[in-house]
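Colleague: My structure is below; once you've seen it, I'll send some questions.
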Amino acid sequence: MSPCENDTPINWKRNLIVAWLGCFLTGAAFSLVMPFLPLYVEQLGVTGHSALNMWSGIVFSITFLFSAIASPFWGGLADRKGRKLMLLRSALGMGIVMVLMGLAQNIWQFLILRALLGLLGGFVPNANALIATQVPRNKSGWALGTLSTGGVSGALLGPMAGGLLADSYGLRPVFFITASVLILCFFVTLFCIREKFQPVSKKEMLHMREVVTSLKNPKLILSLFVTTLIIQVATGSIAPILTLYVRELAGNVSNVAFISGMIASVPGVAALLSAPRLGKLGDRIGPEKILITALIFSVLLLIPMSYVQTPLQLGILRFLLGAADGALLPAVQTLLVYNSSNQIAGRIFSYNQSFRDIGNVTGPLMGAAISANYGFRAVFLVTAGVVLFNAVYSWNSLRRRRIPQVSN
């Protein structure tokens with residue numbers, strides 16, 4: 001038992017603050033190494049333009065792939081042993097792997113360690129599950145929206161800090177600095193997160209079929225998982241072509257990298273501002289209304305992105321898109337809370353994370369394939385079509401959920 005734990009009631013607001021800090025630190029740690037990942041791959045002996053592109057893509061994607069595979073296992077363990085234990089396991093495990101990455105001598109070692117990083121991850125979904133099971137239901141939207149800004153903040157600041165550190169100290173030391181950040185996250189979680197959890201034996205655990213039958217509406221839960229996947233596909237599809245699209249719009253300018261970085265980061269800034277506010281609004285009017293409205297708003301913003309003529313126009317549209325995106329995942333998570341029990345929260349949030357990771361892998365592949373065959377502008381139109389399908393699918397699933405409630 002940590003020093004912060006005693007018999008007094010759990011202060012969920014303090015836990016939310018500490019969990020936010022943990023998500024910020026892990027978000028920053030993950031993104032610290034992203035700016036120079038291809039450079040590190042090259043330093044490990046990969047040469048040639050095509051080989052470098054291939055290996056950079058593989059080592060980037062394999063983390064999400066293995067995270068998708070491992071998340072349900074960790075979610076089940078969280079429901080048995082407690083969510084705090086999973087937070088500690090994730091932070092410490094990732095910290096150790098980061099140290100080993102800094103010591104890697106060839107690309108195969110690095111690839112295995114990137115896969116191991118995915119296997120040992122899971123801080124954010126377990127933080128979501130912890131807060132979701134402690135916060136009052138009528139504040140779920142605000143709490144989960146606020147929590148989501150932690151990871152976004154870390155992901156925004158991480159690349160800038162990582163680039164500066166790599167320029168100042170070299171590539172390998174950044175991995176050791178990242179490990180230190182994760183170890184700090186471990187100790188903050190150990191001493192300041194409180195959870196009253198009664199461990200459940202393996203025999204008492206609900207099996208998959210029992211988990212499904214315990215749900216109020218299994219089809220709705222599945223539709224929310226699909227929505228999470230499509231949200232990440234839509235976000236990731238634009239990532240591979242954004243810099244090239246900005247260069248096409250900007251023409252011959254010397255600071256295209258800076259402009260691209262600004263346009264890449266503005267959605268995150270907008271999400272930081274919108275997520276808590278729209279989450280609070282969702283607590284008042286219903287997260288399903290926020291979800292459908294934000295999806296439709298996203299479609300209406302993605303279509304004109306295909307027709308912009310300047311980087312400024314693209315930047316404004318992406319800022320507005322970020323404001324809508326800031327509401328999407330918290331709304332999905334709030335609906336998951338409303339439609340499942342605390343007993344299975346760890347698994348539900350982990351399954352959702354698996355779908356999110358699959359979207360992180362498939363989104364960039366989809367964007368790259370479309371741009372290679374039809375050009376950059378087609379990516380935005382196809383992505384708008386995918387999000388429109390998601391809006392119709394989600395609306396239909398949520399409408400069916402309301403019909404029995406009205407008849408009753």
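Each Cβ is built from the backbone N, Cα and C atoms, and glycine gets one as well.
Just so it is clear, the model here is predicted, and its values are computed rather than measured.
Features from Swiss-Prot:
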{"type": "TRANSMEM", "residues": "16-36", "note": "transmembrane segment"}
{"type": "TRANSMEM", "residues": "58-78", "note": "transmembrane segment"}
{"type": "TRANSMEM", "residues": "92-112", "note": "transmembrane segment"}
{"type": "TRANSMEM", "residues": "115-135", "note": "transmembrane segment"}
{"type": "TRANSMEM", "residues": "146-166", "note": "transmembrane segment"}
{"type": "TRANSMEM", "residues": "173-193", "note": "transmembrane segment"}
{"type": "TRANSMEM", "residues": "221-241", "note": "transmembrane segment"}
{"type": "TRANSMEM", "residues": "256-276", "note": "transmembrane segment"}
{"type": "TRANSMEM", "residues": "290-310", "note": "transmembrane segment"}
{"type": "TRANSMEM", "residues": "378-398", "note": "transmembrane segment"}
Colleague: Among 92-112, 115-135, 146-166, 290-310, point out the range having the most Cβ pairs under 8 angstroms from the transmembrane segment (58-78).
Modeller: 115-135
Colleague: Under 8 Å, at least 3 Cβ pairs, sequence separation 6 or more: does that hold for the transmembrane segment (221-241) versus the transmembrane segment (115-135)?
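Modeller: Between the transmembrane segment (115-135) and the transmembrane segment (221-241), which are separate recorded stretches, there is no contact, as judged by 3 or more close Cβ pairs.
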Colleague: For the transmembrane segment (256-276), name the stretch out of 92-112, 146-166, 173-193, 378-398 with the most CB-CB pairs under 8 Å.
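Modeller: Stretch with maximum Cβ contacts: 146-166.
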Colleague: Should anything in the same chain at least six residues away from the transmembrane segment (290-310) have a Cβ under 8 Å from its Cβ atoms, list it; otherwise answer none.
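Modeller: Distant Cβ neighbours of the transmembrane segment (290-310) are 141, 227, 234, 249-250, 278-279, 281-282, 317-318, 320-321, 324-325, 327-328, 331-332, 335, 377-381, 383-384, 387-388, 390-391, 394-395, 398.
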Colleague: Look over the recorded stretches 16-36, 92-112, 173-193, 378-398 and say which has the most C-beta pairs under 8 A to the transmembrane segment (146-166).
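Modeller: By Cβ pairs under 8 Å, 16-36 leads among 16-36, 92-112, 173-193, 378-398.
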Colleague: Report the listed stretch (92-112, 173-193, 378-398) having the maximum count of Cβ pairs within less than 8 Å of the transmembrane segment (16-36).
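Modeller: The stretch with the most contacts is 173-193.
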Colleague: Please indicate, using numbers and ranges, the residues of the same chain that are 6 or more beyond the transmembrane segment (173-193) and have a C-beta under 8 Å from a C-beta there.
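Modeller: Distal contacts: 2-4, 14-15, 18-19, 21-22, 25-26, 28-29, 32-33, 36, 84, 87-88, 91-92, 94-96, 98-99, 101-102, 123, 130, 162, 165-166.
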